[in-house]
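Note sheet for the following structure.
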Amino acid sequence: MEKVLSVISPDSSKPKNTYFLFILIAFVYFYNFHVNDIWTPNESFYADAVREMFESGNFIDIKYNYEPRYNKPPLTYWAIAASNAIFGLNEFGIRLPIVLMALGSIWLTYLLGKRMYGQSGGFYAMIIMALGLQLLAVKQYASPEVPLTYFFTLTMYWFYRGYEDRSNKYLMLSYIALGLTVLTKGFPYIIVIGGIVGFYVLLKNWGQWKQLWKDIVFLKLPLGVLIVGAIGLSWVIFMYIKDGQAFWDIYYTETFGRALEKKSNGMKPFFYIGVLSWTIVPYSLTFFYAVVHWAIYRKSAKQALFPIAWVLVMLVIFTVSKGKIPTYIIQAHPALALMIVPMFIGEKTPRLAIKIIHFFISALLTGGIIYLILELNLSLAFMLIPALLITATVMFLIKKESFKFSLILPFWAMFGFMIVFSSFLPKMEAFRPYDTIGEIITQKEIDRITPLLLDAWLIQNLPYYAKRHTLRDYSPSMINEYATSNETLAFLPKDHLTDLDFEYELLWEGMIYNFSSESQFFKYVMAVNQALKGNTEKFATYALVYKP
């Protein structure tokens, strides 16, 4: 029994326990990561763009649905393409680099925590980072959020090593990583990361102005700017030379334009405070307590100065920015973890407060696991998970070793929650027939130049599965007109079939989510769950028809 308890509440000072937990984290991240068709909308843009890269042999010009897509830099596309070159053009190959970079971000957080606070600090930083709710939500979603988090964290880790160790090697590596960050999401991140670094150096040398100047000189900023520009802006410069203002107008709108010119309903100064309340659940409440802790023990806050600067600069920049999206804060997750860790291992540890917070959150998650099992009609065998959580908690309370266990209990509760929820993902495919539609079109050997006409909004993953140009908002009358002189492939609500005035072959009919996006994921999961129980009010019956 002692061995079992030592596994549940491992010694954080032993590296082998870190490696063991990292393997378990990897299991959660890989579990059912490839079973779902490409999600709409954002993942579809990257999946189809990469498909078109292989189709055309052109990996520089990014196109979605056979139209230029200048919105984001190419590194995410290239990472996915490299994976697809090895594993084939499929959901596994598309999502694999995203999962690997998510795990890489977690490991870098461990390395930062270890460098700042020792082995135990790295251990706890890793578990806080690993099962944060918002990172889990995007861990297998082919879009720039996770690659950005990886290269952002890599930049911060190499900067910290270079600056604190006075290592030119790590400093130069940090500039290379920053260039890759820019090549992932755009040049505004030069300002974000530059702001964090500048604020940290300023705080660390406050009142020591000669040392501050020496540190600024050490950073070798002119060389750094040259490295970052050569890597990060290479694609932007090439595309501007190639496509001119047509490229720049879209690219600028998606970068600085989103921050400075996007319409908003006001500054919303507390928007990201709200995001912080859930983004690293199950440790979000612990983070807010850490803020209070550092406010009280300001003299001790120097040890957490780097993550404090990291979080503050990101909050200020993104609060001032007009465009506000919760995912912008994911790149602060390592810093949030690093602000919490000293409370777990320091001398002034608020044991009672942490135990109350963690047992409360874990109890909620345990209840959530039970609810999921019953609501989603999952196997009752999963009830073993909450049973184990409750049993372990009682045993540690009896042994009077509850504080050490309380530090990792939210991790185990979230671990169990994710295993249960991820087990529902395959069931969702009953109402996501996009790959089936694509297979039917492929088997029919319809000419690839024949577009797919949609009597609806653009279902963003259909260009990927249909392997052809998809045209939206084609009414039945427009489809009729098109069919008079063209081979016709159309996808429309079944009750619109009576409006077609030509003979057609019905290739497929079935239910499709009656909303243009699956990105409001909780609502979508609930809609699918209700549909599995017979209530399909959130879905509509569609038909795929063909006329030679």
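Each Cβ is built from the backbone N, Cα and C atoms, and glycine gets one as well.
Positions annotated as domain 'Glycosyltransferase RgtA/B/C/D-like' by TrEMBL: 71-235.
According to TrEMBL, the feature transmembrane segment maps to 18-35 (among others). The list of residues near the transmembrane segment (18-35) in space but at least 6 beyond its ends in sequence, with Cβ under 8 angstroms from a Cβ of it, reads 7, 10, 12, 90-92, 95-96, 99, 102-103, 106-107, 110, 119, 122-123, 126-127, 130-131, 139-140, 415, 418-419, 422-423, 425-426, 429.
Taking Cβ pairs closer than 8 Å, the transmembrane segment (92-111) reaches residues 18, 22, 25-26, 29-30, 33-34, 38, 43, 46-47, 50, 79-80, 82-84, 86, 122-123, 125-126, 129-130, 135, 138-143, 146-147, 149-150, 153-154, 157, 333-334, 337-338 in its own chain, all 6 or more past its ends. Sequence annotations record features per position, and here TrEMBL assigns transmembrane segment to 92-111 (among others).
Per TrEMBL, the feature transmembrane segment maps to 123-142 (among others).
Here TrEMBL flags 175-203 (among others) as transmembrane segment.
Per TrEMBL, the feature transmembrane segment maps to 223-241 (among others).
Taken from TrEMBL, the feature transmembrane segment applies to 270-292 (among others).
Panel annotation: around the transmembrane segment (304-321), residues 116, 156, 160, 191-192, 195-196, 199-200, 203-204, 258-260, 267-269, 271-273, 294, 328-329, 331-332, 334-339, 342 of the same chain, lying at least six beyond its termini, place a Cβ under 8 Å from a Cβ of the stretch. Per TrEMBL, the feature transmembrane segment maps to 304-321 (among others).
Feature annotation from TrEMBL assigns transmembrane segment to 327-345 (among others).
Residues or ranges marked as transmembrane segment in TrEMBL: 352-374 (among others).
Among residues of the same chain six or more beyond the transmembrane segment (380-398), those with a C-beta under 8 A of the stretch's C-beta atoms are 5, 8-9, 359, 362, 366, 369-370, 373, 405, 409, 412-413, 416, 419-420, 423. What TrEMBL lists as transmembrane segment is 380-398 (among others).
Taken from TrEMBL, the feature transmembrane segment applies to 405-425 (among others).
In terms of C-beta pairs under 8 Å, the stretch of 175-203, 223-241, 352-374, 405-425 lying closest in packing to the transmembrane segment (270-292) is 352-374.
Same-chain neighbours of the transmembrane segment (175-203): 72-76, 144, 147-148, 151-152, 154-156, 158-159, 163, 212, 215-216, 219, 223-224, 227-236, 251, 254-256, 259, 305-306, 308-310, 312-314, 317, 331, counting only residues six or more beyond its ends whose CB sits under 8 Å from a CB of the stretch.
Cβ atoms under 8 Å from those of the transmembrane segment (352-374) belong to residues 281-283, 285-286, 289, 343-344, 380, 382-383, 385-386, 389-390, 393, 402-403, 406-407, 409-410, 412-414, 416-417, 420-421, 424 of the same chain, restricted to positions at least 6 beyond its ends.
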